[in-house]
Every structure is written in structure tokens, then in C-alpha cells.
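Participant: One structure is given below, represented as C-alpha cells, and several questions about it will come after.
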Amino acid sequence: MLQDDTLRHIAERFGTPAWAYDAETIRRQIAALRRFDVIRYAQKACSNTHILRLMRAEGVRVDAVSLGEIERALKAGYGAGEGDIVFTADVLDRATLARVVETGIPVNAGSIDMLHQLGAQAPGHAVWLRINPGFGHGHSHKTNTGGESSKHGIWHSDLPEAARAIRHYGLRLAGLHMHIGSGVDYSHLARVCDAMVAQVAALDLDIGAISAGGGLSIPYRDGEASIDTEHYFGLWDEARRRIEARLGHPVSLEIEPGRFLVAQSGVLISEVRAVKDMGSNRFVLVDAGFADLMRPAMYGSYHRISLVRSLTDACPPLRPQVIAGPLCESGDVFTQGDGGIITHRDMPEARVGDLLVLHDTGAYGASMSSNYNSRPLIAEVLADGESIRLIRRKQRIEELLALEDVD
Ligand code: LLP
């Protein structure tokens, strides 16, 4: 965890707003999942190539969901062969299809059309099947990726058709994959494990691996418990044993977390630029907005918030405050609940010039940022012990404008 002194130092050196990540926290989270045969990082959570290099140095493999993420993984030193990178999607656009065929990167197919398109061009290519077991769960309905309301995966009863396509094209089936959502609670886990065992039984093809997908939650609120990774592994290991007993050979067990590996490593550092009382509401306006951190506006997500102020300051009184950003929308508020209801946060009274820190934003923070209101993407900084280094500089406004220099 990054201490206030470090956050102050980062703000002074690189300006605000800025993302800061702690390498040690990432290593600690990786260590908690070492019992899985393969940890495959879902880089959508935080795809900075320096974070990918850190993952690679720890023996973590990587998932990619777009051509851009494939190129990031390759740039970070991951090899195209031997399953270092797996491409997971529900569609294969033409450019990505050409690139996976050229590099041989295995494809985790979320639709049977992907098998037809890949098979027609690259017989023998390695594939996974991403199965939608008919149910799902997530911290928000937007992050539930199973069931008939979700577009993801091959519908469970279509598995025989997928197997026929694999045989027809001579594709090489590496394994079965299930990811029913992000921010999943335990009660769904046993059901997913059972569904995986049932799917393998229904499949008349051999496989060497299964993937538990991602979805592991982290404690965003004070007092919330961390996930029991031993219990999590135990349930999947049991499923793997049942599958091994059926197939008569060892089966590798993968896990594919994004949030769990990086969320707690990251903070968004902003500066308080204005404070105003509007009727009964005290608004604290900072220089970061939902163009930087989209989660509260998108899902009503909760992030802990703290202030870093000058060392000489006495401890300020607690009071309810609404924390908002600089964008041109009333929904640009970091303290909001589901459905966009503005909420107050009881916290020390903020003053102009204080640093305001949004915690546990290492996952789906920088990677979901946009240029809305023509605001440049902000800097990313990685702290590793004593070392503090810039891993992405702030975008320049000229770079935004340059994209439109087309005549
Ligand atoms: N595997 C697949 C196929 C996925 O679609 C995802 C996430 C993951 C793994 C990693 O899930 P995780 O371990 O991070 O829960 N933007 C949302 C989360 C969207 C997740 C999308 N897929 C958020 O900010 O909560």
C-alpha cells in the first residue's frame, strides 16, 4: 500500500490527477493464487505494458481481448506460442483474425462463428471454448457474463455443434473456459464448477486444460472480507479431479483474474480545486472525473476516499461531503450509488489544495478512461520499494488534435 508521503511525492513530481500503482501489492496478490497451474492475467483490468512486464517476470501468463491487447502483450515480451497469450472474444474482427493466424496465438472462442472463420483460414489452430453455462453473476448486472441476457460465450447446449466445427476444420481443442461474471460471490462458485464437470462430460473431445475464468472480488469497503483463495482453489481443484477421473489423464487448471491482481495496488490521486455548499450539499470538486475513473458513474461502484494534506494541519472534523469531478455532467460524482443517486461520504472536511485519493482503483481505472470533454489521458506511475517511475506520461492535447489532421 502506498503511504501518504509517497502519494504526496508522486503528486509533486508528476502532477495531478495521476494513477499510482504499488508493485508489492500486485506480487502479494499473485502469490495468493500460486496453487493454480496457470495464472492468466486479464489485462483489460490494467493493460499498461510495464504492469504486463511485472506479471511476466512473476510467471503470470496473459489474456488479450482485442488486437491492441495482443500487441501490448507482445511488446511486454510475451511469446506468441505455447499459450503465453490467449485471445478471448465473442467476435473475430478481420484484422485480429489475420494477426492470430499469423502469430498462432490460441483463440478462446465465445461464438461458433469464430470457429468457422478461424478454421477456414487456419486448420490446426489451437482453440478454447468459452461456455455460457446458462447462468451468471456479477457485482452489477453489467458485469454478469452468463445466462441468456448476456451476449458472452457459446450457449451450453450448443457444445456438440462447436465440437463438430472443431472436428470439421481439424482445430486443436486446448480446453474449456467459463467466466460467469466479474465480482462473483462464493454461492455461485460450486454451481460453475459443477457446470464445468457436466460440460466436459457432454463433450466427446479430449481436453488438457480448464479455465475458471476471472471474477474474484476484492474488499472495496472497510470491513469487507478478502476472498478465501484456498477455498476457491479447493472447489476448482475438486472439479478438476472429477474431470481427470473421467478423462483418465492430468488436466491443467487455469485462473484468469483481472481485478484481484491489480485493484488494490492502485490509487487515483487528485487535487481538491473547489469546495461549495449547494443547499444542504457540500460539494468537493477535484481535478479528476469520470473520464479518468468511470466505475462510480458506470456501476455506482464504491471506492474508499482519503485526504492527504499538509503535515502541519490539525485533524479536521468529519462531515458529509459529495466528491465530484470537473466534467460537464451532474453524474460526474465519485460518491454515488446504483442508479446514479448522489450520496454523501462522511470524511474529514476537504479544503482546496488537499490531495484527494480514490483507493482500489488499480483495476478498470486507467484502462476504462476516455478523452471525454477533450481531456488528455493522465499519467501512470509505478512504485516498487524505493523506486518510483513514470510508466505512462500524460497525453498531450496536441496528440488528441493530431488525430483529426486528415487533410
Ligand atoms: N475473463 C473474462 C473472459 C472476462 O470477461 C473478464 C472481465 C475477466 C476474465 C476478468 O474479470 P475480473 O477478474 O477482473 O473480475 N469494468 C468492470 C469489470 C468488467 C469485467 C469484464 N470482464 C468493473 O469495473 O468492475
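Positions of Cβ are set from backbone N, Cα and C atoms, glycine also.
Whatever TrEMBL says is automated annotation, not expert-curated.
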Participant: Write down the one residue from Tyr220, Tyr364 that TrEMBL lists together with Arg259, Arg295, Tyr299, Glu329 as binding substrate.
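Facilitator: It is Tyr364, as the record lists it for that site.
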Participant: Return the residue out of Gly181, Gly208, Gly215, Gly300 that TrEMBL annotates for the same pyridoxal 5'-phosphate site as Glu256, Pro257, Gly258, Arg259, Tyr364.
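Facilitator: According to TrEMBL, the candidate sharing the pyridoxal 5'-phosphate site with Glu256, Pro257, Gly258, Arg259, Tyr364 is Gly215.
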Participant: To the nearest whole angstrom, what is the C-alpha distance linking Pro257 (pyridoxal 5'-phosphate binding site) and Tyr299 (substrate binding site)?
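Facilitator: Cα of Pro257 (pyridoxal 5'-phosphate binding site) to Cα of Tyr299 (substrate binding site) measures 19 Å after rounding.
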Participant: Which whole number of Å gives the largest C-alpha distance between any two of Arg259, Arg295, Tyr299, Glu329, Tyr364, the residues noted as binding substrate?
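Facilitator: Max span of the substrate binding residues, Cα based, is 27 Å.
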Participant: Please work out the mean pLDDT for the residues of the domain 'Orn/DAP/Arg decarboxylase 2 N-terminal' (27-263).
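Facilitator: Averaging the confidence scores along the domain 'Orn/DAP/Arg decarboxylase 2 N-terminal' (27-263) gives 95.
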Participant: Using only C-alpha positions, which one of Lys44, Gly215, Arg259, Tyr364 is spatially nearest Glu329 (substrate binding site)? These are the recorded positions in the record.
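Facilitator: Result for Glu329 (substrate binding site): the nearest of the recorded positions is Tyr364.
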Participant: Hey, which of the recorded positions Lys44, Arg259 is the loneliest by Cβ count within 10 Å?
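Facilitator: Among the recorded positions Lys44, Arg259, the lowest count of other Cβ atoms within 10 Å belongs to Lys44.
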Participant: Tell me, in order along the sequence, which recorded positions from Lys44, Gly258, Arg259, Cys328 have their CA within 10 Å of Tyr299 (substrate binding site).
Facilitator: none
